[in-house]
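Asks: I'd like to ask you about the structure that follows.
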Amino acid sequence: MAERSKDAPDAGRMPTLDELMSDDFDPETDIDWTGDKTFKSGFACFVGRPNAGKSTLTNALVGSKIAITSSKPQTTRHTVRGIVSREDAQLVLIDTPGLHKPRTLLGQRLNDLVRETWTEVDVVGVCLPANQPIGPGDTFLVGEIAKLPKKPKLVALATKTDLVSGDALRKHLLDIQGLEEKLGIQWETIIPCSSYTGEQVDVVADELVKLLPYGPAFYLDGEITDEPTESLVKELIREAALEGVRDELPHSITVEIEEMGLREGRPEDRPLLDIFASMIVERDSQKGIMIGHKGEHLKEVGTRARHQISALLGTPVHLDLKVKVLKDWQRDPKFLNRLGF
């Protein structure tokens, strides 16, 4: 065990500001969390193939939509934190992009983000859809986590149980158990669940909390995410844009908010949020697809996004949506930096 520094506070006592600012202070060894055995807190993330139910499960546990969902690969492009607060614990869920073979600079940066997140969480939940056989992609993903120097605790989640029979689910659970010997890993537990019906979602939360260390809450009670409102709005617009487009187009779509604010001169009991946003694609042909015949597709995207944003923020929304072309933006480091990648 590491030795506590001379500036460490007494056991069971939180450090003062002066102690925190000391050059010799090490939070790993100098804060004694063992004195409070009544509250747990920590971080977990879900991993899995595209459309494995990662973001849907995050939303179900949080109880609100904080992560966008789609059947398209690489829907999630940055980490989104969902906060589950209970009397005895606070579980922070990190929704991450899926690990994939990168074809662009954006893809490389997303993979780096995923691997970094794995090393920082206490628990990784591996989503293995019950309606799909375990394949090479699943074993590769779990194998990569198993190679980490600092290995998080592993929980297997048999998602989408509402789509299979009891016999099929039992076989799937046995296949999941078989990964232990095949990959040299150990599941802390295996949980069948369905975000669609809500079956066993509470069990997922309970089991994840059991695996967390003792510690204080990171967020105030009632907070469900630390994601900025503008970022949530961008993601909801992108989710609306992904619906119904061809497989190669989703990777080429991003969203920028140009202006957002409450309209001046409105009565306090009748607010209206004005949002001016642009969907950015890489080619003129893609712009044509996004706009559609006589602007019909763009109108549909705007309507879907407006309803979702209004539901999330609890206020009426006016959305002004345009489509712009920025050639090969996924390979442009300056633009990626501007987007926060």
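From the backbone N, Cα and C atoms, a Cβ is placed for every residue, glycine too.
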Asks: Quick one: sort out which of 74-78, 129-133, 149-153, 294-298 is the region 'G2' according to TrEMBL.
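Replies: Going through 74-78, 129-133, 149-153, 294-298 one by one, TrEMBL gives region 'G2' for 74-78.
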Asks: Tell me which range among 48-55, 224-231, 280-287 TrEMBL lists as region 'G1'.
Replies: 48-55
Asks: Any same-chain residues 6+ apart from T161 (GTP binding site) with CB under 8 Å of its CB? Would you list them in sequence order, or say none?
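Replies: Looking at Cβ-Cβ distances below 8 Å from T161 (GTP binding site), excluding near sequence neighbours, one finds A130, L169, P192, C193, S194, E199, Q200.
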Asks: Summarise the region 'G4' (159-162) by DSSP state, stating how many residues are helix, strand and coil.
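Replies: Helix (H, G, I), strand (E, B), coil: 2 helix, 0 strand, 2 coil.
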Asks: Counting by DSSP, what is the helix, strand and coil composition of the domain 'KH type-2' (245-327)?
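Replies: Helix/strand/coil tally for the domain 'KH type-2' (245-327): 32 helix, 27 strand, 24 coil.
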